[in-house]
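Here is what Swiss-Prot records for this protein:
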type     : residues : note
BINDING  : His72    : heme binding site
TOPO_DOM : 1-13     : topological domain 'Cytoplasmic'
TOPO_DOM : 35-59    : topological domain 'Extracellular'
TOPO_DOM : 82-91    : topological domain 'Cytoplasmic'
TRANSMEM : 14-34    : transmembrane segment
TRANSMEM : 60-81    : transmembrane segment
TRANSMEM : 92-116   : transmembrane segment
Amino acid sequence: MAETEKMKYGSLNRFAQAVTGLFLLFFLGVHLYVAHIDFGHPVAFFSSVINQLHNPWWLAFFLIFVYIITYHGINGLNHIVADTSISEKAKRNIGIALMVIYVITIIYGTILALLVARMTVPT
């Protein structure tokens, strides 16, 4: 029974990896267009990001983008570790370390986005 639960969790993790990968394609495309291109013309990156982060919808978009990127990367690393032949204890410890890195990264990303959203746009 424990093996079946482990397999389901692994399948769920791999499914989440695929879904977040698809979301990343969408988010990355929107991010690159909005942050770097304005109807085919280059725009000032820093000012455009600050302007966008003043809008609560764009702020939410970028925060979700950070959460999904971080989850996708950490989960991918965890899959790589799971496929190695190191001990289960080492895998568990690395998994815990990766969770800590995930939490620290999303806290940092959230704080940074909220601070940038409060900045005034340079003229």
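Glycine too: its Cβ is placed from the backbone N, Cα and C atoms.
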Within the same chain, the residues 6 or more beyond the ends of the topological domain 'Cytoplasmic' (82-91) and with Cβ under 8 Å of it are 10
For His72 (heme binding site), the three-state DSSP class is helix
Please give me the CB contact count at 10 A for His72 (heme binding site), counting all chains in the structure. 18
Take every residue in the topological domain 'Cytoplasmic' (82-91), average their pLDDT values, and give the whole-number result. 89
Sort the residues of the topological domain 'Cytoplasmic' (82-91) into helix, strand and coil with DSSP and give the three counts. 5 helix, 0 strand, 5 coil
